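Listed in TrEMBL for this protein:
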TRANSMEM  B:27-49  transmembrane segment
TRANSMEM  B:56-83  transmembrane segment
TRANSMEM  B:103-123  transmembrane segment
TRANSMEM  B:130-151  transmembrane segment
TRANSMEM  B:186-204  transmembrane segment
TRANSMEM  B:234-258  transmembrane segment
TRANSMEM  B:270-294  transmembrane segment
TRANSMEM  B:301-318  transmembrane segment
TRANSMEM  B:324-345  transmembrane segment
Amino acid sequence: MRAPDTPVIVKGEALLAVENVSLRFGGVKALTDVSFDIRKGEVRAIIGPNGAGKTSMLNCINGFYHPSEGRITFKGETRRRMRPFEAARGGIGRTFQNVALFKGMTTLDNIMAGRFLKMRSGFFWQLLRYGPAMREEVEHRRFVEDIIDFLQIQHIRKTPVGKLPYGLQKRVELGRALAMEPELLLLDEPMAGMNLEEKEDMSRFILDVNQQYGTTIALIEHDMGVVMDLSDRVVVLEYGRKIADGTPEEVKRDQRVIDAYLGVAH
Amino acid sequence: MFYRDAGQYKSSYAADRAVFPLREDRIGLAVILLVAFVAIPLFAGDFVIKTVMMPFLVFSLAAIGLNILTGYTGLISLGTAGFMGVGAYACYKLTTYFPGVNIIVWILASGFFSAAVGVLFGLPSLRIKGFYLAVATLAAQFFLQWCFIRIPWLYNYNTSGAIEVPTRTLFGVPITGATAAIEVRYLILLSAVVLMTWLASNLVHGRFGRMWMAVRDMDIAAELMGIRLLHTKLLAFAVSSFYAGVAGALLVFIWLGGAEAGDVFAIRQSFLILFMIIIGGLGSLVGSFMGAAFISALPTILKFGLPAMGIPIAGATAEHLNFMVIGALIIFFLIVEPHGLARLWQIAKQKLRIWPFPY
Ligand SMILES: Nc1ncnc2c1ncn2[C@@H]1O[C@H](COP(=O)(O)OP(=O)(O)O)[C@@H](O)[C@H]1O
Ligand SMILES: [Mg+2]
């Protein structure tokens, strides 16, 4: 089913456009007629109470879920049923609400795995671990070491990530997503369960990524202080519907948002 | 930030990514290779070579194959013996039709046949995991076993119903068949295993190894790295079955020199190889050797070693004891140490490094 024709969002700089997206699981309506866009280079927060459909929205954007209605346009291209590896190829990176690291692998190998798409040497050279394969391995290791430095996780380079505390795992997961050099980075509650100091570190990393590398970021976060500090624009979901969209100040003043979200302690 | 210095990082990262970064490990490896290539052919008797070393090597190779699939990629298989059989029969047919081509070429080429069969039976792995995949591979095992017995073309209609290994030579020296010296056969087998272990080690330490482990540990995140699950799993099936196939061809042509198919490629063998990687260590090449050494040597030790030490033990009792020990160890490792003997060895090395301090 196609969504009824709607005015296409006419902003030249939109990197991603979500138009009239609805998503159903049996009887549950996770998303209903949601539209918003993400502009190149901005930090776009997606907020809302638990169960509002924020994670489902990210899952639609990178192809884990396929919207029952509506369409998603990324870099000017609308795909009906995009699969996750295609989203990755297109330049969408992601971290998960519940850390989804490769538990048996070291920090280094986790982040190296993020370089997968950038590595090209063929099976034959990989078998010999020589020539292009070795050159590539060293070259990407250098890139990964920069990320490790940036995130200040040098000391856990060779530790299997399953053994790391939660806060560090979140950091490694960010590193793995950064290794993909994504154009659009989706962060699902990157600071959940962190203490104040860890939150401050993570906020700084997110801002640095955005400013230094120009990466466009979609950020789901509960801590309103963080959202106000980090984001350029905010979209607010409640029960799968969009109830507000604008700058942090605009959203903060919106009565529906105050009723739905800000009034409730999280 | 030392690695930013130009000219510095190339050598240091390459060295850091080396498989054996420690000098002690490299020396240890050299000693093992020296013993295996020189001391054993010179000093070990025919009996030890044939009943201890050769099965150890053949099963190490098969265990490496299964470990790539199960330990590295997280896909369980109970069809290893079947895939080994495909290699053995493919080699038999190839050397029958093209006797002029060197048998070593055919032994290695037979791996491509088992790889193809492995990929075919690996197709369901995109949809099913764990128990259901185990059952699917079990079906492959039974189907292949049936083929080995029911299709006489495979064994050239021999009245024995088995492969009869012809004499083949390398530089004029017989390397298969009744006239081939055991030392020669051992060295061929050893070379093949060393070469293929080196290649496997290169693979698992590179991007394909990371791809396999990523799918094993968290397939949805792997997909988000741009990894295609079906390709990854089928590649693991292909490489794994290639190793099994070559191991099967080596088993028949180099080690046993003729085998009753129903026996060596039966389901029991598939389980034993699975036990090897559980006891040796899932996701470890060294563990594959340790597990193979343990399980292939245990019956011999119990049957011949105990009587030699003056402990009388009947053949049947030894066999029962064998199963009890293996069973107990599997339960132990599954519960206590999923990374098997290889992990215990690592811990021991770590302790040794900081000895005499506790930590
Ligand atoms: N795979 C799924 N199957 C069934 N229901 C789902 C699934 N994923 C999400 N939902 C439902 O969709 C709604 C939105 O969930 P979610 O997107 O996780 O919310 P949020 O991330 O905002 O807390 C919830 O009611 C949830 O139960
Ligand atoms: Mg969520």
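Residue numbers in this text run from 1 along the chain shown.
Cβ atoms are placed via backbone N, Cα and C, with glycine included.
With a threshold of 8 Å between CB atoms, the same-chain residues lying at least 6 positions outside the transmembrane segment (B:56-83) that come near it are 114, 117-118, 121-122, 125, 129-130, 133-134, 137-138, 140-145, 189-190, 192-193, 196-197, 200, 203-204, 209, 212-213, 215-217, 232-233, 236-237, 239-248, 250-251, 255, 264-274, 276-277, 280-285, 287-289, 291-293, 295-297. Touching of the transmembrane segment (B:186-204) and the transmembrane segment (B:324-345) is ruled out by the presence of fewer than three CB pairs under 8 A, sequence neighbours closer than 6 excluded. Stretch with the largest number of CB pairs closer than 8 A to the transmembrane segment (B:234-258), among B:27-49, B:103-123, B:130-151, B:270-294, B:324-345: B:103-123. Beyond the transmembrane segment (B:103-123), the same-chain residues lying 6 or more positions past its ends with a Cβ under 8 Å from any Cβ of the stretch are 75, 79, 83-84, 86-88, 90-91, 94-95, 136-137, 140, 144, 168, 170, 175-176, 188, 192, 233-234, 236-246, 248-250, 253-254.
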